[in-house]
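Enquirer: Pulled these features from TrEMBL for this protein:
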type	residues	note
ACT_SITE	HIS62	active site, proton acceptor
BINDING	ASP63, VAL66, GLY68, ASP70, SER72, GLU81	Ca(2+) 1 binding site
BINDING	PRO154	substrate binding site
DISULFID	CYS31-CYS107	disulfide bond
DISULFID	CYS64-CYS69	disulfide bond
DISULFID	CYS113-CYS317	disulfide bond
DISULFID	CYS191-CYS224	disulfide bond
SIGNAL	1-19	signal peptide
SITE	ARG58	site 'Transition state stabilizer'
Amino acid sequence: MVLFFLLWVAAVASGGARGQGTRVGFYSRTCPRAEAIVRSVVQSHFSSDPSIAPGILRMHFHDCFVHGCDASILLDGPTSEKTAPPNRQLRGFDVVDDAKAQLEVACPGVVSCADILALAARDSVAVTNGPFWSVPTGRRDGRVSLASDAANLPAFNDSVAVQIRKYDEKGLNAQDLVALSGAHTIGTAACQLFRYRLYGFPGAASGADPSLDAAFVRQLRALCPQNGDGARRVAMDTGSPNRFDANYYGNLRSGRGVLESDAVLWADAGTRGLVQRFLGIRGLAGLTFGVEFGRSMVKMGNVEVKSGAAGEIRTLCTAVN
């Protein structure tokens, strides 16, 4: 309860409780059970498949970075965002569809798919023992979804400079980058996304990225043989892969960041300072991961949202009306 209060205060203090037409409690009169319905659906799916939590969180992230948080990632079609390479392994679409079906019975034509996804992302963190924050709602759904528009999503091999540029284009800063990257405390990554760091890495006598801990290299090579199955998945947080906590940042310090885009956050002097603050390094102003993650999620959730007369409220999340 104390953490919930702190997150609510942080959201209000930063202006995150309201933005671009969204506000906390948007459905309090028109669909008072909206958030409870979404939460129940997430909990039900999570109980049978815990891997759904990082899947939904990642889907929300990918949605917000293309056309803003407008559920364009949910639209079907031969050239929709779903078909773009970074999105082909996304999971959790059935969770959003189930929640939408229940909401259409309870409150027809009221709750947007974009809001369902934003709420489900928050609830996916909560069910993995992570923080709970107030989600401003009132988004409307977009009508455009093109695979080509997903080309500039943050990628697994982006440098810090490239990541910061992509975040800046969405009104997010370096602290948001480091906080939101902490989502990798849950979930997995396919071997094909990081195997190049283990074998034949340019300029490395050992063949492996020298920024990786040697013992960790051996561990990853056992899980991802050079000519093995590239689709095999490996936990991104080797210490507590199913618990939403700050262990991710300790992994970065120890040379155990699985993805290069994570590892470089420690290698770069600027972002290293932020990682150290999340770790509570003595002499630096500390950052509380749960509070800052919730704050940055609220900021990201208000990126380029459609509200008012823009967009629509889809009847089905997979198709425009």
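Using the three backbone atoms N, Cα and C, a Cβ is placed for every residue, glycine included.
Those TrEMBL annotations? Automatic predictions, nothing curated.
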Enquirer: If we check Cα distances from CYS317 (disulfide bond), which of the recorded positions HIS62, VAL66, ASP70, GLU81, PRO154 wins as closest?
Expert: ASP70
Enquirer: What Cα-Cα separation, expressed in whole Å, is found between HIS62 (active site, proton acceptor) and PRO154 (substrate binding site)?
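Expert: Spelling it out, the Cα of HIS62 (active site, proton acceptor) and the Cα of PRO154 (substrate binding site) are 9 Å apart.
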Enquirer: Other than ASP63, VAL66, GLY68, ASP70, SER72, GLU81, which residues of the chain come within 8 Å of the Ca(2+) 1 site, judged by Cβ distance to the Cβ centroid of those residues?
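Expert: What remains near the Cβ centre is HIS62, CYS64, PHE65, HIS67, CYS69, ALA71, ILE73, GLY142, SER145, ASP149.
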Enquirer: If we check Cα distances from CYS191 (disulfide bond), which of the recorded positions CYS64, ASP70, CYS107 wins as closest?
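Expert: That would be CYS64, the closest of CYS64, ASP70, CYS107 to CYS191 (disulfide bond).
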Enquirer: Say you check the Cα of CYS64 (disulfide bond) against those of the recorded positions ARG58, ASP70, CYS107, PRO154; which is nearest?
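Expert: That would be ASP70, nearest by Cα distance.
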Enquirer: How many other Cβ atoms sit within 10 Å of the Cβ of CYS31 (disulfide bond)?
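Expert: Looking across every protein chain shown, the total is 19.
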Enquirer: If you measure from the Cα of VAL66 (Ca(2+) 1 binding site), which of the recorded positions CYS107, CYS113, PRO154, CYS224 is the nearest?
Expert: PRO154
Enquirer: For the C-alpha pair, I'd like the distance in angstrom between CYS107 (disulfide bond) and CYS113 (disulfide bond), rounded off.
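Expert: That separation, Cα to Cα, works out to 13 Å.
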Enquirer: Given a 10 Å Cβ-Cβ cut-off, pick out the one of the recorded positions CYS64, ASP70 that has the most other Cβ atoms nearby.
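Expert: When each Cβ's neighbours within 10 Å are tallied, ASP70 tops the list.
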Enquirer: Look at the recorded positions VAL66, CYS107, CYS113, CYS224 and tell me which residue has the greatest number of other C-beta atoms within 10 angstroms of its C-beta.
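Expert: By the 10 Å Cβ neighbour count, CYS113 comes out on top.
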